[in-house]
Amino acid sequence: MFLVGAPSHTLPRLHILPLLLLLQTLERGLGRASPSGAPLEDVVIERYHIPRACPREVQMGDFVRYHYNGTFEDGKKFDSSYDRSTLVAIIVGVGRLITGMDRGLMGMCVNERRRLIIPPHLGYGSIGLAGLIPPDATLYFDVVLLDVWNKEDTVQSTILLRPPYCPRMVRNSDFVRYHYNGTLLDGTAFDSSYSRGGTYDTYIGSGWLIKGMDQGLLGMCPGEKRKIIIPPFLAYGEKGYGTVIPPQASLVFYVLLIDVHNPKDTVQLETLELPQDCVRRAVAGDFMRYHYNGSLMDGTLFDSSHDYEAPQEITLGANKVIEGLDRGLQGMCVGERRQLIVPPHLAHGENGARGVPGSAVLLFEVELISREDGLPAGYLFVWYQDPPASLFEDMDLNKDGEVPPEEFSSFIKAQVNEGKGRLMPGQDPDKTISDMFQNQDRNQDGKITAEELKLKSDEDQERIHEEL
């Protein structure tokens, strides 16, 4: 690998180290002829492959990783990092390499290929390297640079795509879901969330990610794409990771943020359209009809009332929809349109639902079509005014002292048609009336007597007296 003091394949390191350091210091030798016949005064650099993009060139003091083949003038190979399957990983320009290699690496780009011709006085001089490099040898190296970084480097983040709408940026302690492709600096792929068929889900700033990724994700918006370059000391450092990430490797991540939320988040509400004649806003207990489109934060549609060709119907506050949607519908006016962003702990949580991944933030666009006053809890029917004093007699249509289901149903429907009372909205009227009859038929004999008939308000008052 041609470090100063590097051992040959056969010679022990301690025998040659003082000699090589001496050669490095002298930096002189007899020299060999250049291709034009004159002795080489400096390293000859042939750049035979230059990458299109070069965000960083090697400078003095940089840490580099590279492969090389080393040959003599006649083409005979004397060393190769490829044969050892081991990259050279070293700091440039601090005396750890022969002077010719230090000079030849300056200004290189990652994935650049160079042919270096190093004269003896910048290599191993008039002494050579016993058993490997003869005296006064001109050395030829074919080098490809795979990585470069400096201890002063920071995380480099480049925005590749920024969505026009950004409801929320990533902050420390947030929970994020994102896709990524991970490569080394030379483009070698080592991991991808796409290949696993799911997003990577984690908390920011909690120690679950390498430090560089924690930093690189900060400030991202849902739908944003970034290129994040992380130096090794903010990634996997000197140990690397398994067989896929070598020691001292810089990492490149191409990240697409799917969504972000915080466990402390509530529903985010934005009014898109508000009618001017809004008099009454929806409250718990109201029966509502509304249209909605439900999507993930990346725009993936998972549900829509338009698919059912009818508005959604719910009683607000009755736990019939996810908590975040129920909260977001509170206070709406008929004709109002809203956008709701619902965090997962107020939606489908870690388990998700059909079409909704676990821990997914949901985006709803809702439009309130109609609203009806709800009934108090436990009531199936209410009177608009006081009920008739002769309630049972009015119900007993054939005056036989008992009210069967048919008479009860006819009576209740008549009250609704005449505007004297109303049933619980949003339910099948016949089912509601049947439930009312069952509640009044105390002994379940299929008929109601005068003794059995009681208004719920009277029952509630009796219960209060019992509790007192």
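Every residue, even glycine, has its Cβ placed from backbone N, Cα and C.
Per TrEMBL, the feature compositional bias 'Basic and acidic residues' maps to 442-468. Positions annotated as domain 'PPIase FKBP-type' by TrEMBL: 61-149, 173-261, 285-372. Taken from TrEMBL, the feature domain 'EF-hand' applies to 391-418, 428-463. Annotation source TrEMBL lists region 'Disordered' at 420-468. Positions annotated as signal peptide by TrEMBL: 1-31.
Tertiary proximity for the domain 'EF-hand' (391-418) is limited to same-chain residues at least six positions away from its ends with a CB under 8 Å from its CB atoms, namely 381, 383, 429-430, 433-434, 436-437, 440, 446-450, 453, 455. DSSP labels the residues of the domain 'EF-hand' (391-418) in these numbers: 18 helix, 1 strand, 9 coil. In the predicted model, the domain 'PPIase FKBP-type' (61-149) has a mean pLDDT of 96. Residues in the domain 'PPIase FKBP-type' (285-372) partition by DSSP class (helix H, G, I; strand E, B; coil) as 14 helix, 37 strand, 37 coil. Taking DSSP states H, G and I as helix and E and B as strand, the domain 'PPIase FKBP-type' (173-261) has 13 helix, 37 strand, 39 coil. Per DSSP, the secondary structure of the domain 'PPIase FKBP-type' (61-149) breaks down as 14 helix, 38 strand, 37 coil.
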